[in-house]
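This report refers to the structure that appears directly beneath it.
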Amino acid sequence: MAIRARSSSYAAAAVALALALASVAAVAGEVFFQEKFEDGWESRWVKSEWKKDENMAGEWNHTSGKWNGDPEDKGIQTSEDYRFYAISAEYPEFSNKDKTLVLQFSVKHEQKLDCGGGYVKLLGGDVDQKKFGGDTPYSIMFGPDICGYSTKKVHTIFTKNDKNHLIKKDVPCETDQLSHVYTLIIHPDATYTILIDNVEKQSGSIYEHWDILPPKQIKDPEAKKPEDWDDKEYIPDPEDKKPEGYDDIPKEIPDPDAKKPEDWDDEEDGEWTAPTIPNPEYKGPWKQKKIKNPNYQGKWKAPMIDNPDFKDDPYIYAFDSLKYIGIELWQVKSGTLFDNFLITDDPELAKTFAEETWGKHKDAEKAAFDEAEKKKEEEEAAKAGEDDDDLDDEDAEDEDKADEKADSDAEDGKDSDDEKHDEL
């Protein structure tokens, strides 16, 4: 009896486990695109010929970079300064309607970027990938952009009705020379989240943080401020009166401490007058004091009315066609490395992917970078020392030449004196 009960218990546990696994499988995220730039990556990506005829198209290198956490973990890196870059990959077309969309990738600016982009684009429809460039329409643009001191931010741009809409929030990007993971999550409730290195940096409503739709309400264009509306917050104090004789107070008065010089001659110098000084009693033009207006009604504002041009879009977050991912940018200084692309509908899956790629190597990469910087500083210090030695050698050589010239001049002078003596 006990054995039968135990068998029933095992069976129930097995069923429960099976149901749990089925539940996990049912909610498991879907991966629409993933790229770690391993073997065969070139067959999945198309290098654009955009700007090639102008000799302004930059080349991509397949590399792990100058410093890394794993030399076998490679991405693609811009390799030429002052060049345009464009490359794209196609994946099975889908729409994020009624589902979450996650776009994630890592980027490293090894060149200490001072002007250039590090963003990616999602595109729909049919794209001629060989002609993919700056004028190619896109659905989403996301990622860091740096240029000088004024631009150091994460771009998040949505294209709706053939118009690019920029996020109204300022989201700072990373500016060091290490790899960082940028994640954009778009939820079907029209909210979004931006993360850097799996840490949330910005979130909110797409309705509020982008001007995609016209406002729901507008000021009534027909409304006029009533003529008797009192919008003066302060008024002159009727009890405040100007003192008698106030206007007669002079701005300057003769200096009472001034004395006529003893050698002053009225006939020759004219009548002496004391110099003037600012009058301490003079307070400037009289101004009536002001008091709060008891009838103040506040600043008049036109009443708000429903905007006749507003039309709600419950799918403001959605894009009907997402079919390509592309990198299109201009770089003054090359060296930006892209890796670990992921498009999915599961934020947790994206978080795990980031930890298993970037997170796994970030400490080793930081150590490699620190070692490279240390070596660079030592080489620069050694070169500076060599330059100082060269300068010292040049100075010593100049001194020797000067001494030789002085000795030569002295000898010539002696010979000349001897000749003159002989002549005498």
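A Cβ is built for glycine as well, from the same backbone N, Cα and C atoms used for every other residue.
What you are looking at is a predicted structure, and each value in this text was computed from that prediction instead of being measured.
Of the cysteines listed (Cys147, Cys173), Swiss-Prot assigns Cys147 as the disulfide partner of Cys115. Residues Tyr119, Lys121, Tyr138, Glu328 are given by Swiss-Prot as alpha-D-glucoside binders; from Asp128, Asp145, that same site also lists Asp145. Within the listed segments 36-74, 270-308, Swiss-Prot records region '3 X approximate repeats' for the stretch 270-308. Residue counts for the repeat '1-2' (220-231) under DSSP (helix as H, G, I; strand as E, B; rest coil) come to 0 helix, 0 strand, 12 coil. Model confidence over the repeat '1-4' (255-266) stands at 89, taken as the mean pLDDT rounded to a whole number.
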